[in-house]
Amino acid sequence: MKIRILSLGEKPPKWVSEGYDEYKKRLSKSIPLELIELPIAKRTKTGNPKLWMEQEAKTILTKLSDSDHLVILDVNSKIISTEELAEKMQNWKFNNPNVVILIGGPDGIDQSIKNIAKEKISISKMTFPHPLVRIIIAEQLYRAYTILEGHPYHK
């Protein structure tokens, strides 16, 4: 199984990259984790968020293939626990070896992308800075992995 994280946004601060890299390193021996940073559409004060999301959707589609199992992070979807994420990872391992987790832009994810997603999950009803979500997802993937392996990290 390989997991790619597609993240729309500006280049994050150094501390975000360092935090993400720590969990990527911990997972690297068992689950390759790749972060692909995608630019957001240019915003203006009088612009249209729907058009921005449509532009971002076109960029997202260039990074997806038919064999990808697209999982989007969506605040309006079911909040899952770490244990539920571990169950999903177990399923992905056997059924969907190319997993792509999408972190949307500041205005959300275009409906055209939501329509092709295989799964929609939420990590919280709270709002987080998008760069921080990279670290949260990487850590939760690592934590879920340790649950599956019986490692004491989760306790």
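Numbers run from 1 along the shown chain.
From the backbone N, Cα and C atoms, a Cβ is placed for every residue, glycine too.
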Candidates L70, L73, L148, the one Swiss-Prot lists with G104, I123, S124, K125, M126, T127, F128 as binding S-adenosyl-L-methionine = L73
Binding-site residues compared (S124, T127) - highest count of Cβ atoms within 10 Å = S124
Spatial neighbours, same chain, of K125 (S-adenosyl-L-methionine binding site) - Cβ under 8 Å, 6+ residues apart = V75, I79
Fewest other Cβ within 10 angstroms of its own Cβ, chosen from the binding-site residues L73, I123 | I123
Do any residues at least six apart in sequence from M126 (S-adenosyl-L-methionine binding site), in the same chain, have a Cβ closer than 8 Å to its Cβ, and if so which, in order?
-> none
Long-range same-chain neighbours of F128 (S-adenosyl-L-methionine binding site), Cβ under 8 Å, sequence gap at least 6?
-> I136
